[in-house]
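A short write-up of the structure that comes next.
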4 protein chains.
Amino acid sequence: MHNVANIIRDLNVDVSWQRAFYEDLHTHPELSFQEERTAARIAEKLTEFDCEVTTGIGGNGIVAIFRNGEGPTALMRADFDALPVEETTGVPFASTATGTTEEGLVTKLMHACGHDMHTTALLGACAFIDAARSSWSGTFIALFQPSEENGMGAMAMVNDGLANHIPRPDVAFAQHVGPGRAGEIMSMPGPALAAADSIDIVIHGKSSHGSMPHLSVDPTFVAAMIVVRLQGIVGREIPPSEFAVVTVGTLASGNTNNTIPAKARLVLNCRTYNDEIKKNLYEAIERVVQAECQASGCPAPADITYFSHAPLTDNSPEVYERVRPVFDDVFGAYSVDGTPWTASEDFSQIPRHFDTPYLFWMVGATPAAQWEKAVAEDRVLEDIPSNHMGNFLPDYKPTVKASTEAAVAAVLTYLAN
Amino acid sequence: MHNVANIIRDLNVDVSWQRAFYEDLHTHPELSFQEERTAARIAEKLTEFDCEVTTGIGGNGIVAIFRNGEGPTALMRADFDALPVEETTGVPFASTATGTTEEGLVTKLMHACGHDMHTTALLGACAFIDAARSSWSGTFIALFQPSEENGMGAMAMVNDGLANHIPRPDVAFAQHVGPGRAGEIMSMPGPALAAADSIDIVIHGKSSHGSMPHLSVDPTFVAAMIVVRLQGIVGREIPPSEFAVVTVGTLASGNTNNTIPAKARLVLNCRTYNDEIKKNLYEAIERVVQAECQASGCPAPADITYFSHAPLTDNSPEVYERVRPVFDDVFGAYSVDGTPWTASEDFSQIPRHFDTPYLFWMVGATPAAQWEKAVAEDRVLEDIPSNHMGNFLPDYKPTVKASTEAAVAAVLTYLAN
Amino acid sequence: MHNVANIIRDLNVDVSWQRAFYEDLHTHPELSFQEERTAARIAEKLTEFDCEVTTGIGGNGIVAIFRNGEGPTALMRADFDALPVEETTGVPFASTATGTTEEGLVTKLMHACGHDMHTTALLGACAFIDAARSSWSGTFIALFQPSEENGMGAMAMVNDGLANHIPRPDVAFAQHVGPGRAGEIMSMPGPALAAADSIDIVIHGKSSHGSMPHLSVDPTFVAAMIVVRLQGIVGREIPPSEFAVVTVGTLASGNTNNTIPAKARLVLNCRTYNDEIKKNLYEAIERVVQAECQASGCPAPADITYFSHAPLTDNSPEVYERVRPVFDDVFGAYSVDGTPWTASEDFSQIPRHFDTPYLFWMVGATPAAQWEKAVAEDRVLEDIPSNHMGNFLPDYKPTVKASTEAAVAAVLTYLAN
Amino acid sequence: MHNVANIIRDLNVDVSWQRAFYEDLHTHPELSFQEERTAARIAEKLTEFDCEVTTGIGGNGIVAIFRNGEGPTALMRADFDALPVEETTGVPFASTATGTTEEGLVTKLMHACGHDMHTTALLGACAFIDAARSSWSGTFIALFQPSEENGMGAMAMVNDGLANHIPRPDVAFAQHVGPGRAGEIMSMPGPALAAADSIDIVIHGKSSHGSMPHLSVDPTFVAAMIVVRLQGIVGREIPPSEFAVVTVGTLASGNTNNTIPAKARLVLNCRTYNDEIKKNLYEAIERVVQAECQASGCPAPADITYFSHAPLTDNSPEVYERVRPVFDDVFGAYSVDGTPWTASEDFSQIPRHFDTPYLFWMVGATPAAQWEKAVAEDRVLEDIPSNHMGNFLPDYKPTVKASTEAAVAAVLTYLAN
């Protein structure tokens, strides 16, 4: 069996195009389910490789199948949508793009979660793996998933017949950039990311002119009370040793200065590591929401809709035990133990559909000097830009190299001759 | 001197076009500062009368001057913008229009405040007054004001040189439809509408991914606390015998399910009948807003901007004493004593600029049977649609007749030979 | 008919004992239903007059009947209980007394509402009226009522057979000291004081150790949410032109540092001038309280008990029209028009029981210079100590003289020959 | 070296008096710093043993020194104060006692934390150890600590010269009963109980009559806002993976129905496992408290006083490694691994003062059948009475036996020949 680290070391592939490709994606972020341009750029790049490409799966989803004789099938996934965040990095290729949300809101856009890097890295891995055909056999699937941010893209691809377009993978991989020394590969068995659900809540009040509050049932007041009272759930109802997060991502009520609106809308995002906590949390949220509506005499109960379900990302110990030594080989001191992130991902919906074991790892993206200074001063939380912030920008060189090679390494762990 | 009631009775003017004109405006509502179509329709109608028309004053403002020899100058104003309210009346000419707010939000639109009726009535009054030139002398100014809903249109016309376009009026009038027996003219001396200001508040938090609230300063939570705590001002700080209203017209924070936003925005609307109460109220609001920002450790104080100032609408007792007997003459039992509304208007900015005394009256718009039933059952507040509600619709026939004739009556009180 | 002002002027009665009596009461305040010492002092003083005294009516209530031949019957009432307020006046006769509330709480006590002054004045009036028997005929009843502060004393006397102890009065009077130029008598027809009710609310939570909030239903959090949400009722549900006050007089939850208690208790006090507003207010309060209990998952609904009902104090226009000219005669420029106070009293329960018309007036108690300065600087609210404050102390001389003479004047308006 | 399990098995000591002693203590609970009767009962019992007793250390603290020749010194501590909790167990020896808190509040009392059991067990251990003198040598110190509930008793004994009354112990022990299968001994190295501090907060408002809220600064409203806003700290500011508890143990504001008080008082209890989290938590609490005072315009900042400091109870791994095998020997399957409790104790102040390593363990007190049913149904949190609840009552027989023998076992681990 070939040594994966040696294969990577010995490959002589020019991936210098990655920088221009990455910066182009970064300059042109697109919202979930609207990633037409990005998908086109990916598909265009894939024409340079010896693979079968299917586009338009579950919206803008793309799969590229690299067949190379008998052997196992390994899938690596990258996501490619962006966020309604205003970029503040100040780099020359910073985004000034705007987009329109589903709700009709015009907003600035940014690749504030690093999906541009994930996609660039997976395309680089395609180049390497395509060039290394003599060293491996089996099937490599590069899967480019849209709409990760709204938690719907993975299921959209599954529901749009993904299984008709690719063979069942024997193993699946995904990675995510984030705070950490740039180029560090952080992996672990078991839970890596939290389970999450989003909850859309519409509060039914009664509109009136702002000067006549007594004719209204003010949904803005109800919504504010709910936001305030939700804080009591984590602090009062969840065992202090357990993990639970309730975040209000959107609170929208009214759009004039002098009309009390008829409705208010809240969008919550909840995270847990445990099904019982999750059940209790959602019961408490529904209890609080409906009781606050009653307290104001709302004419109808709130509409509560769960969406964007992200399951627990729960790494297979077996896959971890095979891949980790290869990471250690390839990355040396830059292969480290990860700790669970509180964030969530819908990646695992794909291997879950195929009953395939999987590994998800994190890639540090913070310039090393900045990271070390923050660690030394115990100011990581305060000083290091994190995903979804307007100043989050991976340190390009070490991050693209590590994330490209990590994808190659994980895939070849299973496919190398 | 002619008897005004007789002039009106004896006039033989066909204003049957009012219905189609009204329904057309109703079907095509336009937001403040975007009333191009409405202004064009008004200007087009004015070409049928013997008057000098100036358009485009302070945006879409229009004045029509009817000169008729020596004599005093009387001004009557109508407003013509609409609201971001979804119509639920179900009438054939109901609005399905949408518009885009200044903030970029796409929204349904409706003439939910009856400005379409005001405009139709004033144009009808133009027809009557133009046809009755033998009965009066002096100058009649019909002023069509845009952007009343954001409280900016009157000052926009003033600041755009209104005084260069019209002679100084000796008296000014305006009217507003609302809940009440259709066709009833409600007038009073002294305060008729409250003073009001709007306050735009931007809260500076710190964004982060929804799973990492500890990296954020959550502006949604701060905004909710402010909404909740503002309630304590009216109940705890304003003397219980005094009048004050604080309404949150807009609360907007975030637009995703999983990002804690960097900023939240509140728009308040406040009403008072008394300058000292107003001063104390605004001091309390600023105190609460900034303290709540401090409580969450916001990186900067909130930005607080006052806008849309509506002064007290304070009817001249002298004008009232001249016009009221004429109303009694013309409307009989339908001329009644009004009581102050808690709402506000920017109309008085215009006579204030010219130091002109003025009278503002209300016109009942509720179908008589519906009104009487609600009064009998003591369910006016519960059952009668009010301005800014999606089901507010004047009872056309009695309302248009009364509001047209009231305009004629008030103007001729001053101009009749 | 004698001129009342002349009678008062011509009387030569030594009431210099009033100061020592007043200071003694002031030094020895007693809580509602515990006024044994005060009642004993009153009864002792009454022995000096020619009257029939009955004690122990409705607890510590006392009536003294001064019979003087044929004629109408006039009743004047004074109250004599004190408050759990800590005195901060610093005067030599300031109270350092403590008492134990019904709930078992040991607290500092103070005559912070001026009942010591009311009682001293009524005893002084007894002295005058007793000495002036030649000038009047009929029956004078001096009624000393306990337990006004908890709103229960008047009904306690009525229910304990007051009607068996006194003849039906033809007119009834009461007075109250408060902010205003010392010695000024403020009277008005119609509503003088608000209707009020107190509401005792017990919230049922579930106790646990403070380190295990998830095992509890935290009643302190529920109580706090209720206090916060009650603020929304006045500001959002009561028409802005109407009067309503909701005050939380007591919030008591827990008494350790590390146990979440099983129950919390709130005592509210609500005031209105209008029965429909009152009904809506109480419905809203019950709605809010029970919904907040539901929001936290309380094991049982809150117990809500109304108590201490104070009816509207609604002065008889007929009595006012007889007494006001006499006040004007006696007090000259110090007899002025009053405006309604937001406070409440249970006095009117007594005349209500006998279907007797009544007059209630206010007596200014603020040193004149302090009052005039505050008025001139528009700082009455900020600078003038008000009833129930620890620094409230009537300006003795002008206040005792005016309140004594006002009692005499009102009674003699009906009884003078 | 003797086998400790054998010593215990072979001892023939009659401790049947324990039941009556325990029930007597249970029937007569006393508050912290008021434990005179309990201390007298302990001292009386100690006269039956061959030991030197010193009483009155740090209030009601007692030490009994059992000297037995050369050898190490082992200290075992029991606490003996009770709580202001109303007992609901319904047992014949249930408490009906009342007491008066430091604040003057009269309250029902209960041994709701099981200190009566701790004391009974330690006295039983004294009997065993005294009877087993032939099997051990060295010094055994039985320390009976008052005032654990307010977190002040251990430091009170230390500050009152404990070191002058006992030799420095080489090892120290304590135990606590709680939920768990009765008789189970739960031990662990490292953190066993959280660090905790209590915070007394006095809010300075401005008093007024309840009908005049605008003359007040309502401290009850401020206190409620603080309780509500504190909830946002754990949910928004503490990393979701970290442990922090903020509980409001007391909220006291006002004691009448119609006076807005001048002050409100909050007592918080906060727990953490980590110094940095603790620092951030207290900063956030102070920030919230003072900002809420500012938001209401309080005349002065809140007074914030920290008290009742409980350090982390952090078991010595060395002591654990020696004692745990002995527990396994003595208790078999009833010696199990513990997990940290979120509660706190001041026990460790004593060994900390002597720089002595220590072990603290928990003793299950729930009837076995009840425990097993709750575990099977996953309803431990819902169904098992926990410390500080009015229905918490150890299952006497297995609990007293296990806690007595655990004390003997731990001490003899160090002292047995």
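Any Cβ shown, glycine's included, is placed from N, Cα and C.
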If TrEMBL gives B:Cys113, B:His115, B:His176 as binding Mn(2+), which of B:Glu52, B:Glu70, B:Glu86, B:Glu149 does it give for that site as well?
B:Glu149
For the recorded Mn(2+) site, enumerate neighbouring residues of the same chain (Cβ within 8 Å of the Cβ centroid of B:Cys113, B:His115, B:Glu149, B:His176, site residues themselves excluded), in sequence order.
B:Asp79, B:Asp81, B:Leu83, B:His111, B:Gly114, B:His118, B:Glu148, B:Asn387
Under 8 Å by Cβ from B:His115 (Mn(2+) binding site), same chain, sequence gap 6 or more:
B:Ala78, B:Asp79, B:Phe80, B:Asp81, B:Ala82, B:Glu148
Going by Cβ pairs closer than 8 Å, show me which of the binding-site residues B:His115, B:Glu149, B:His176 neighbour chain A.
B:Glu149
How many helix, strand and coil residues does the domain 'Peptidase M20 dimerisation' (B:198-293) contain under DSSP?
40 helix, 33 strand, 23 coil
My understanding is the cutoff is Cβ-Cβ under 8 Å with a sequence separation of 6 or more in the same chain; which residues meet that for B:Glu149 (Mn(2+) binding site)?
B:Leu31, B:Ser32, B:Asp81, B:Ala82, B:Leu83, B:Cys113
Under a three-state reduction of DSSP output, how is B:Cys113 (Mn(2+) binding site) classified: helix, strand, or coil?
coil
Grab the pLDDT values for the domain 'Peptidase M20 dimerisation' (B:198-293) and give me their mean, rounded.
92
Name the residues of the same chain, 6+ apart in sequence, whose Cβ is under 8 Å from the Cβ of B:His176 (Mn(2+) binding site)?
B:Gly114, B:His118, B:Trp341, B:Ala343, B:Glu345, B:Phe360, B:Trp361, B:Met362, B:Val363
Mapped DSSP class for B:His176 (Mn(2+) binding site), helix or strand or coil:
strand
CB neighbours of B:Cys113 (Mn(2+) binding site) within 10 A?
28
